[in-house]
């Protein structure tokens, strides 16, 4: 793999030095550590996000290519605010080269490029053209399934929606739920709903939010060339609000960070 280090262009190194000086000793040490695994644990309002932004600026001041950095945030608003802060130090052009956004936004980009490998349709430009179901769409599909399965009023659609969300957060497939997680009658019914839900989603060439992460992990697991492409692209992985990650999001971070594991998380 080629090194991502180069002479910084457009980075205000004096402003980076000032940002570092404003951190406490532990934060500064974390922000100045470029390679390896770093975990920063601190409470709300303790400057975690500031430490993260400073670290990205310091990495770029030390020659790390902005396009080799992926920083996961939990909201698009957080990503925009962090990128705006970064732009004041490294310039708007370089700040925009950093891959910064939610887990879902990254997964959409990966799946648009490679989702056809999982059987989803491509458009005339070769991009995967799957639809993304929001919570309203998902609930309507579950209501259709309830009618097909004659479930009546015994189970509310919201129960199945919660069950499916939780299963996907843990990377449980319908098959796994049917044979390993269906001990009660309710769990058996919910697993059956989940199974039919997934089949109908695929027939519609659609994914829900949980699928975005699950399918991306499947791509990275089952297609080595896809994993190598994105692992080479992102030499540095960062995550804000790490304490809020679920098992699926954690697994995605790990897959992307392999094999170097230059990963920095704050939470």
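Glycine residues also receive a Cβ, built from the backbone N, Cα and C atoms like all the rest.
Some features that TrEMBL has for this protein:
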- 42, 43, 44, 45, 46, 47, 48, 49: ATP binding site (BINDING)
- 21-267: domain 'UvrD-like helicase ATP-binding' (DOMAIN)
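Other C-beta atoms found within 10 angstroms of the C-beta of residue 48 (ATP binding site) number 22, with every protein chain shown included. Over the domain 'UvrD-like helicase ATP-binding' (21-267), the average per-residue pLDDT in this prediction is 94.
Under a cutoff of 8 A between CB atoms, and with a sequence separation of 6+ in the same chain, the neighbours of residue 49 (ATP binding site) are 78, 82, 240, 266. Around residue 42 (ATP binding site), the same-chain residues six or more apart in sequence whose CB sits under 8 Å from its CB are 48, 266, listed in sequence order.
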